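Student: I'd like to ask some things about the structure below.
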Amino acid sequence: MEFSVRAAELTSLLENQISNFVTSFQLDEIGRVVSVGDGIARVYGLNEIQAGEMVEFASGVKGIAFNLENENVGIVVFGSDTAIKEGDLVKRTGSIVDVPAGKAMLGRVVDALGVPIDGIGALSDHERRRVEVKAPGIIERKSVHEPMQTGLKAVDSLVPIGRGQRELIIGDRQTGKTAIAIDTILNQKQMNSRATSESETLYCVYVAIGQKRSTVAQLVQILSEANALEYSILVAATASDPAPLQFLAPYSGCAMGEYFRDNGMHALIIYDDLSKQAVAYRQMSLLLRRPPGREAFPGDVFYLHSRLLERAAKRSDQTGAGSLTALPVIETQAGDVSAYIPTNVIPITDGQICSETELFYRGIRPAINVGLSVSRVGSAAQLKAMKQVCGSSKLELAQYREVAAFAQFGSDLDAATQALLNRGARLTEVPKQPQYAPLPIEKQILVIYAALALALAGVLFYFSCIDWNIFFFKYMLLGRSLSFLLNRRGWAGGFFFYMVLAAIRAFFFATEGALDMANAMMPRGAADSSSDLFTYTSDMMEDVSSSGRSTSSVNQPLAGREPPATQVDPRAGPSNPPRLGEPYPYQLDEVIGGDSVESIHRRLLAQYSSTPSIEVINLTQIEAKDLFEVKVDIVRQMAVLDPEGDWMGRGARALDNPRTSTGEESLERLYRVRDDIGQGGIRSQSFLDLKGRVFLRRQNWDAESQA
């Protein structure tokens, strides 16, 4: 049987259609809403769904699978449930909840899902990270050893925080908990401006949980005016947002912070506050019919916070050396730190900063209770200079507040107790600081040591310690060089303490009538056991100048030292001013490589065309001693690495600085040389350069001697 022409065409057409048939298709598992209400939807039919998977409702609203039960799935709705009706279709997305992360997030305000809410526009050039990931293991971690400066004297001196640490901020409402966190963010502006590499920069993530929208807007304005938004990310789940978003916000912020941690950078995340997250989680759990426990919280509320805070860590060098520091905030009721949520979070963290209402209303701000506040990392994450300066001040303050409570019940006190009360009242003024005014660490060290010296001298601050800080910075002599010394070394030697004491005296003599006002306001009984400031600082400077590098009496200014009892008229002027040429730590006429402190000093002064002022002379004197000291350090290193070289002679002369360079420029160069040799040894470039210079000098000397 033969096919007709039309039948053949039809057959060919059908064959082409069959051969071009696309067999690929997409299967979406869908379910139907059984019931919905209070932000919880019960869905039937999603048999293969994963725990924590995102789903999408027909109205476009998204949710997360929270309860996986035999008959249905409990879905927590991210948003309003008014558009969801019984019988609506629900589609699986196949992905676990994730949020955008990366440097594109800096300067933006987003919600708990990472959607921008600042009106600037969509995000660009970002990656997505899961909100729930496993915390780094033990092998991947490293002990916390790098300081994370908050800019607050009360925190950096008494409760130091390190990069990778988890420090709890706990206290009643309206006691300054958020202020501590915001000041920490603002302080990173000046810290990041000094950073020379990406590894020194600290990025900030602030998570606002259950706060008013006006409060979040005010925070954005504060950070924007301080130019702090450029390194900050704000995640906002306000009080008007549903409970699921308040529950999710801390995990979303943590995922954004982990981007920096896992890429060898440093980040700080602030959860303000986790009490509201726990309340939101309790609300969700009760609506999902989970069995309640203590205070109606579910049984896994401890795991809620532990799996979040454990993600803050300091990574090892092999895994990038990044860090994520966490500052969770917990609100207490009437100072009850033994409530369920506080007792859960306190053992998870590495210490706590306790704020008190009583201290706040007494004008002690930050209102930190020194006795209850602690950092379990301790001085391991604190600059050595700060550790030297503080001494036992925390113990003294805690003892004072304990004794002051009992002193209210009796009037007859022994001399030792009265002295402790007088000294404690003055020390209480030292940590005071205005809001939104963080101090650089070098200024903190200067003012804390100066203030402790004043307190030990029996001087009550004649106006608030805040104003005293301002005036002291204004009148302080050689402050620039002292700050430079601390920045480079991180420790404070005897010469540093010597110059601070000299600056204290100069400040009081430069401020007309200041010392009279201070002594007039000395507490009752203080004059019996304390001298005026002039005699006291003279005594301490004699101790420093005669002790060389051994500065134990100065490094611990509160360790039972009592000022002398001799009275001197302060208005007579400094009868024995500090002699800046006193030998520390080397003799002035000691010569190494043809150079001495005096010759370096003359060389620095020769750069000035006109007669230098006394401040310039004093400044160059310190720089000359610094240059000589670091030069000796390098010579000693080279002598160990190359014993046959003449490092005390020609080798030291190879370190001579260009005649046109300033003292600070020369110091920077020599510090780089010393650090390079200390790290690389004979393989370092600085070692090879010095060897080459000495060889060339020897060749020139031999040629000149033969001629």
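Glycine is no exception: its Cβ is also placed from the backbone N, Cα and C atoms.
According to TrEMBL, the record shows the following:
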- 29-94: domain 'ATPase F1/V1/A1 complex alpha/beta subunit N-terminal' (DOMAIN)
- 151-375: domain 'ATPase F1/V1/A1 complex alpha/beta subunit nucleotide-binding' (DOMAIN)
- 382-453: domain 'ATP synthase alpha subunit C-terminal' (DOMAIN)
- 446-470: transmembrane segment (TRANSMEM)
- 491-510: transmembrane segment (TRANSMEM)
- 544-585: region 'Disordered' (REGION)
- 589-691: domain 'DUF8018' (DOMAIN)
Student: Determine the mean pLDDT over the domain 'ATPase F1/V1/A1 complex alpha/beta subunit N-terminal' (29-94), rounding to the nearest whole number.
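Tutor: Taking every residue of the domain 'ATPase F1/V1/A1 complex alpha/beta subunit N-terminal' (29-94) together, the mean pLDDT is 91.
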Student: When secondary structure is assigned with DSSP, how many helix, strand and coil residues does the domain 'ATPase F1/V1/A1 complex alpha/beta subunit N-terminal' (29-94) contain?
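Tutor: Each residue of the domain 'ATPase F1/V1/A1 complex alpha/beta subunit N-terminal' (29-94) counted once, the result is 0 helix, 37 strand, 29 coil.
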Student: As a quick check of your reading of DSSP, tell me how many residues in the domain 'ATP synthase alpha subunit C-terminal' (382-453) are helical, how many are strand and how many are coil.
Tutor: 48 helix, 0 strand, 24 coil
